[in-house]
Amino acid sequence: MADATIIDGKAFAAGLRARVADGVAALKASHGVTPGLAVVLVGEDAASQVYVRSKERALVELGMNSFDHHEPADMAESDLLALIDRLNADPAVHGILVQLPLPRHIDTQKVLARIVPEKDADGFHVVNAGLLATGQPGAIVPCTPLGSLLLIRDTLGRDLKGKRALVLGRSNIVGKPMAQLLLQADCTVTMAHSRTADLPAECRRADILVAAVGRPEMVRGDWIKPGATVIDVGINRVPAVGINRVAAAEPGKTRLVGDVAFDEAVKVAGAITPVPGGVGPMTIACLMLNTLAAACRAAGAPVPEEAAL
Ligand SMILES: Nc1nc2c(c(=O)[nH]1)N[C@@H](CN(C=O)c1ccc(C(=O)N[C@@H](CCC(=O)O)C(=O)O)cc1)CN2
């Protein structure tokens with residue numbers, strides 16, 4: 001059997017970003033509005049700093065305003081809530097993003113709930129989760145599941161009716177919204193997690209397998225149905241030689257792996273996302289899309305089709 005098609009998330013994300021840039025220019029021309037995203041980072045988490053810088057750079061590249069708020073790790077929760085109140089009230093801010101994880105002394109749910117739902121560029125607010133779960137229009141969809149769906153559609157076409165989909169992982173920001181999106185697309189959806197009985201057998205039934213469990217290379221090649229579409233959401237940093245290998249790792253050197261054992265899975269799947277270069281780049285591209293969509297809604301302009309599920 002031929003190896004799987006590699007789903008090039010980096011290339012798809014570049015195309016999506018170009019479409020967002022066109023949309024931004026069109027909104028400026030038609031309504032005189034420049035979309036703006038407030039990017040809030042609390043603390044010095046190294047990975048978060050990298051992601052936030054990428055987001056701020058992307059906003060500027062696409063012609064949008066980036067309102068950067070980099071706050072100290074010991075910022076009081078009440079001060080963060082007050083900042084969000086100010087951003088909620090600022091008409092130049094169409095979207096608000098609070099980079100996660102937040103420092104432990106801050107209640108994440110309380111902070112996310114404070115963002116007004118129409119500026120919730122991440123789609124994490126319970127109102128947006130509720131709109132998505134009840135299939136109502138206007139939901140802002142979380143970026144990673146939205147990006148994953150766009151890659152699935154690009155691979156399999158828009159008609160996913162009757163396909164068996166398995167979502168491995170039940171987080172509020174990936175697993176649950178991903179399952180809702182696939183359900184809305186008329187897939188038969190199973191949600192699985194670390195406690196699921198006979199997980200390999202459950203996975204083997206899936207035409208579409210989305211792995212978002214945060215465990216390096218957990219999904220093995222023989223868990224995959226031949227020809228399945230595999231979307232690997234995991235981004236795990238491991239010692240350079242990797243897990244499950246005998247040789248010692250070079251001290252200090254790391255590499256990224258997904259939740260799927262890629263070298264095994266690529267021999268069985270029909271199509272698969274790599275890590276890096278698969279779902280990851282779609283997360284930031286979809287944040288740009290959600291910001292444009294929020295600005296369009298605020299201006300009474302049509303919302304880009306890819307954001308209006
Ligand atoms: N408020 C949010 N916080 C977090 C989110 C989120 O969507 N909203 N997601 C993650 C981190 N994240 C964006 O914030 C993110 C993760 C990974 C990538 C990405 O492009 N990954 C690359 C590899 C990058 C590397 O070399 O380290 C890839 O997979 O190709 C982008 C964004 C947690 N927090």
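Just so it is clear, glycine is given a Cβ too, placed from its N, Cα and C backbone atoms.
Taken from TrEMBL, the feature NADP(+) binding site covers Gly169, Arg170, Ser171, Ile235. Under the heading domain 'Tetrahydrofolate dehydrogenase/cyclohydrolase catalytic', TrEMBL lists 7-122. Annotated domain 'Tetrahydrofolate dehydrogenase/cyclohydrolase NAD(P)-binding' per TrEMBL: 142-297, in sequence order.
Here the features listed in TrEMBL are placed on the structure.
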| residue | record | Cβ within 10 Å |
| --- | --- | --- |
| Gly169 | NADP(+) binding site | 23 |
| Arg170 | NADP(+) binding site | 18 |
| Ser171 | NADP(+) binding site | 17 |
| Ile235 | NADP(+) binding site | 19 |
Checking the binding-site residues Gly169, Ser171, Ile235: which ones have Cβ within under 6 Å of ligand 1? Ile235
How many Å separate the two farthest-apart Cα atoms among the NADP(+)-binding residues Gly169, Arg170, Ser171, Ile235? 16
Let me know the DSSP-derived helix, strand or coil state of Ser171 (NADP(+) binding site), please. coil
With helix taken as DSSP H, G or I, strand as E or B and everything else coil, how many residues of the domain 'Tetrahydrofolate dehydrogenase/cyclohydrolase catalytic' (7-122) land in each class? 62 helix, 19 strand, 35 coil
For the domain 'Tetrahydrofolate dehydrogenase/cyclohydrolase catalytic' (7-122), provide the mean pLDDT of the predicted model. 98
